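As annotated by Swiss-Prot, motif 'MREC motif' applies to 1-4, with the evidence given as similarity to another entry. Marked as GTP binding site by Swiss-Prot on the basis of similarity to another entry: Gln11, Glu71, Ser140, Gly144, Thr145, Thr179, Asn206, Asn228. Per Swiss-Prot, the feature N6-acetyllysine maps to Lys40. Summarising the annotation, Swiss-Prot assigns Mg(2+) binding site to Glu71. Taken from Swiss-Prot, the feature active site covers Glu254. If you look up Swiss-Prot, you'll see Tyr282, Tyr449 marked as 3'-nitrotyrosine. Look at Swiss-Prot and you will find Tyr432 tagged as phosphotyrosine, backed by similarity to another entry. Residues or ranges marked as phosphoserine in Swiss-Prot (evidence: similarity to another entry): Ser439.
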Amino acid sequence: MRECISIHVGQAGVQIGNACWELYCLEHGIQPDGQMPSDKTIGGGDDSFNTFFSETGAGKHVPRAVFVDLEPTVIDEVRTGTYRQLFHPEQLITGKEDAANNYARGHYTIGKEIIDLVLDRIRKLADQCTGLQGFLVFHSFGGGTGSGFTSLLMERLSVDYGKKSKLEFSIYPAPQVSTAVVEPYNSILTTHTTLEHSDCAFMVDNEAIYDICRRNLDIERPTYTNLNRLISQIVSSITASLRFDGALNVDLTEFQTNLVPYPRIHFPLATYAPVISAEKAYHEQLTVAEITNACFEPANQMVKCDPRHGKYMACCLLYRGDVVPKDVNAAIATIKTKRTIQFVDWCPTGFKVGINYQPPTVVPGGDLARVQRAVCMLSNTTAIAEAWARLDHKFDLMYAKRAFVHWYVGEGMEEGEFSEAREDMAALEKDYEEVGADSAEGDDEGEEY
């Protein structure tokens with residue numbers, strides 16, 4: 001089997017974890033107590049879901065997941081919530097005092113007290129796997145635990161499980177709204193530390209998701225639950241190929257092979273369609289062509305940036321539901337002719353496609369309409385450098401005045417780490433710039449496509 005272990009770090013990671021496991025349980029017909037009623041077993045003997053769940057002798061299905069937070073309140077909600085019986089108590093690990101939005105606390109002082117316990121738990125999960133494929137790490141960039149503890153964990157996972165792939169789902173600080181003043185510091189420190197340990201990082205920015213909820217789902221004031229449910233649909237689409245059997249199946253390592261041209265350039269942009277409320281879905285057809293086209297609308301992306309200003313290096317389309325290859329090929333052909341999609345000149349227009357016959361599941365009482373088919377597009381585009389540039393600019397404004405730096409130094413960091421991290425980010429921006437630059441000396445013949 002190709003098992004995956006999910007690790008949810010900090011408040012954002014844990015709350016997205018709740019939404020994801022809720023959805024997985026619905027998709028696989030697993031009840032909140034971990035039982036799978038025999039009449040619900042889809043198609044009988046389909047055990048692909050064992051990549052995400054392990055089965056006990058008593059027929060209970062336990063998620064292969066660890067929830068970690070340096071303070072107890074968020075995970076206490078899991079301990080008392082609907083799914084309290086789903087998780088093994090030792091999978092929910094909490095500390096006593098939080099990281100206070102401080103990378104240094106998550107990475108050095110508070111984080112190191114709990115790291116061995118976490119690794120021990122992960123080791124137990126890994127030992128239950130026959131062929132561990134890799135780790136999915138969920139966290140935010142802005143928080144102290146999400147940034148500091150995650151980067152510590154990634155370093156240690158690289159040591160313990162060197163060759164296993166590590167994928168991140170990261171909540172990137174939104175351009176306009178912020179939950180902490182020091183987000184730019186934490187984000188840049190964590191990106192710098194994690195860059196060499198992560199194989200692929202799917203970024204999601206809250207503001208982009210807010211806008212999608214407002215615009216497509218007509219939710220006037222989206223809550224984190226609304227956001228997380230939408231994020232969980234995307235995560236579910238990305239992992240569906242590991243959990244169900246399909247026509248064109250894609251596994252974790254296959255993503256990286258197709259999406260990551262250079263080790264450092266591993267930040268694909270996720271786009272999901274159709275995001276539509278039940279009232280609207282009733283009046284629309286949502287053909288394969290339509291949803292494929294929607295993926296190339298900047299409005300449907302999970303990070304605010306404009307791919308029309310950048311170039312694509314790779315593109316993965318993951319369909320699920322009632323989709324046949326003929327429709328997909330037609331849709332892609334149309335897009336190639338109509339859209340102004342620029343690929344870098346060293347990469348011929350390659351679209352990788354995955355198809356899963358399991359239609360998207362919706363959470364009862366959720367915001368999304370039940371649809372026949374959906375698509376999640378993962379594209380590696382140079383446009384995401386805009387997001388880095390935005391963050392770097394904010395970092396520079398604060399760091400020029402050395403604002404808030406004493407909190408980090410007080411927890412045992414050195415000021416040199418800031419400048420080192422910032423230089424690494426500058427190098428990353430430069431990498432993106434160079435990848436997008438034409439390999440030929442002439443710049444004028446690039447306009448034809």
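The backbone N, Cα and C atoms fix where each Cβ goes, glycine too.
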Restricting to the chain of Thr179 (GTP binding site) and a gap of 6 or more, list residues whose Cβ falls under 8 Å of its Cβ, or answer none.
Gly142, Gly143, Pro173
Need one number for the GTP-binding residues Gln11, Glu71, Ser140, Gly144, Thr145, Thr179, Asn206, Asn228: the maximum pairwise CA distance in Å, whole number please.
22
In sequence order, what residues of the same chain, 6+ apart, have a Cβ less than 8 Å from the Cβ of Glu71 (GTP binding site)?
Thr94, Gly95, Lys96, Glu97, Asp98, Ala99, Thr145
Pairwise CA distance, Tyr432 (phosphotyrosine) versus Ser140 (GTP binding site), rounded so that it is a whole Å:
23
Sort the recorded positions Gly144, Asn206, Tyr282 by C-alpha distance from the residue listed as 'active site' and give me just the closest.
Asn206
Other C-beta atoms that fall within 10 angstroms of the C-beta of Tyr282 (3'-nitrotyrosine):
9
Neighbourhood of Gln11 (GTP binding site), C-beta criterion under 8 angstroms, separation at least six:
Asp69, Val74, Ser140, Gly143, Thr145, Gly146
Distance [Cα-Cα, Å, rounded] between Tyr282 (3'-nitrotyrosine) and Asn228 (GTP binding site):
24
Tyr432 (phosphotyrosine) CB neighbourhood, other CB atoms within 10 A:
25
Let me make sure I understand the structure: which of the binding-site residues listed (Ser140, Asn228) has the fewest other Cβ atoms within 10 A of its Cβ?
Asn228
What is the total of other Cβ atoms whose distance to the Cβ of Gly144 (GTP binding site) is within 10 Å?
29
